[in-house]
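Notes to accompany the following structure.
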Amino acid sequence: MKYNDLRDFIALLEARGLLKRIKQEIDPHLEMTEICDRTLRAGGPALLFENPRGYTIPVLGNLFGTPERVALGMGQESVSALRDVGKLLAFLKEPEPPKGFKDAWEKLPIFKQVLNMAPKVVGKAPSQEVVLEGDAVNLDQLPIQTCWPGDAGPLVTWPLVVTRGPHKERQNLGIYRMQKIGKNRLIMRWLSHRGGALDFREFQLQHPGKPFPVAVALGADPATILGAVTPVPDTLSEYAFAGLLRGDKTEVVQCIGNDLQVPASAEFILEGFIAPGDMAPEGPFGDHTGYYNEVDKFPVFTVERITHRRDPIYHSTYTGRPPDEPAILGVALNEVFVPILQKQFPEIVDFYLPPEGCSYRMAVVTMKKQYPGHAKRVMMGVWSFLRQFMYTKFVIVTDDDVNARDWKDVIWAMTTRMDPARDTVMVDNTPIDYLDFASPVSGLGSKIGFDATNKWPGETQREWGTPIAMEQAVKDRVDAIWESLGIDLPTAY
């Protein structure tokens, strides 16, 4: 399944009945959020608002509102197939030396595929069909959503921010929300450890007092967007990874005003800079936690130039109490994470990030336990192996007889296999999500691990319980006579 740009993907979804065009006039101020939220919670389609009130540019919402659509965006026909994406990333993250000539020959196609997916630079691009500069730059013409009643203003929610540090050849792609505060000014809310913020900091050290070039793509193709939120190895660019997902090289074009390369097929490109010391208070905004975040200062992105396709489409979303679109993305990307973790920790059977836990704040791990204390090693591994889990506050580790995705199973294991004093691990003064107001200090808090595995000799002095299970022969006999008993059971049984 191939698509070249966002419009191809929209056509694919529409052909499958997975996109609904809304012709009625809908206000980007609050109304779109309510419609998208109801649709997402019901597992409904992507929405194309063709007549946003006060604007001439259509708005695409709820694009990744189901795990199945995320899988399609990553070039896969099913959510389960995302495990294959994870296996590829696991291999690229830590490739094993070939065990012999035959093994090297078998791995050669993978390396060739990766090497052949470097982005293709083009001289002419749809994203630069229309060029607006000077006084013509006016962000007020974009139907930017105001998502919640207490929001400080309109918020750009799907920006693909392109930066490059002074000592780096490859660019960084990141998604950082941006508050509109003027016709050509947006607050860039990137946290200090994110790639864009690190590039900015290094640039300031290398070129003190000089403006930092930035480009922002709006409405890039799904593979490129999803590549920016996937744990891509540092040796692989997000553009190359997007090409692997898409099955075709990512086409990029150089910006008109700087040397950054942006997706050639994007609907909009914003070119500009961040001036040293230009900061503004950002927020409050309703966030993926289900609360409004506190106000804090972040750099201001000054837009010098807007380029866009003819008849452009504005891609947007909202964040709120799960489930929201980031939570759905988390459910799908969960399948990508599993093989990556299993590469480092083969004892892991399953790994689950419950969407109710804001996609990353809680993790449940099932494992094949091999020695006393093994669960604690896995806890530490989850917190340290991938930077995506540095903010995970709660890690629950159970044996592989427990279904990590069934709370009834997990709670049973926790209440029957845990002693709170012996089987919890508390780690203080660790990195915590800036948005987590429950932590005593902004960005710094504690983590806790729960060992809900069966305890081995050395971990307990008591005789351990044996789980109850019916004999299989009895179950088979009852299966054979069940229909004749005439007992009607609910389908959920």
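Glycine is no exception: its Cβ is also placed from the backbone N, Cα and C atoms.
Keep in mind it's a predicted model, so treat the numbers as computed, not measured.
Residues or ranges marked as active site, proton donor in Swiss-Prot: ASP287. Annotation for ASP287 (active site, proton donor): spatial neighbours ASN293, THR319, GLY320, LEU435, criterion Cβ-Cβ under 8 Å with sequence separation of six or more. DSSP assigns ASP287 (active site, proton donor) to coil in the three-state reduction, placing it in neither a helix nor a strand.
The Mn(2+) binding site feature in Swiss-Prot is assigned to ASN172, GLU238. Under the three-state DSSP scheme, GLU238 (Mn(2+) binding site) falls in the helix class. There are 26 other CB atoms within 10 A of the CB of GLU238 (Mn(2+) binding site), with all protein chains counted.
The feature prenylated FMN binding site is assigned by Swiss-Prot to ILE175, TYR176, ARG177, ARG189, TRP190, LEU191, ARG194, GLY195. The Cβ neighbour count for TYR176 (prenylated FMN binding site), using a 10 Å radius over every protein chain in view, is 22.
GLY195 (prenylated FMN binding site) sits 6 Å from ASN172 (Mn(2+) binding site), taking the Cα positions as reference.
Across the structure, ARG194 (prenylated FMN binding site) and ASN172 (Mn(2+) binding site) are spaced 10 Å apart at their Cα atoms.
The maximal spread of the prenylated FMN binding site, taken as the longest Cα to Cα distance among ILE175, TYR176, ARG177, ARG189, TRP190, LEU191, ARG194, GLY195, is 14 Å.
ASN172 (Mn(2+) binding site) counts 19 other C-beta atoms within 10 Å of its own C-beta, drawing on all protein chains shown. The CA atom of LEU191 (prenylated FMN binding site) is located 19 Å away from the CA atom of GLU238 (Mn(2+) binding site).
For the prenylated FMN site, the Cβ centre of ILE175, TYR176, ARG177, ARG189, TRP190, LEU191, ARG194, GLY195 serves as reference, and the other residues of the chain with Cβ at most 8 Å from it are VAL161, GLY174, MET188, GLY196, ALA197.
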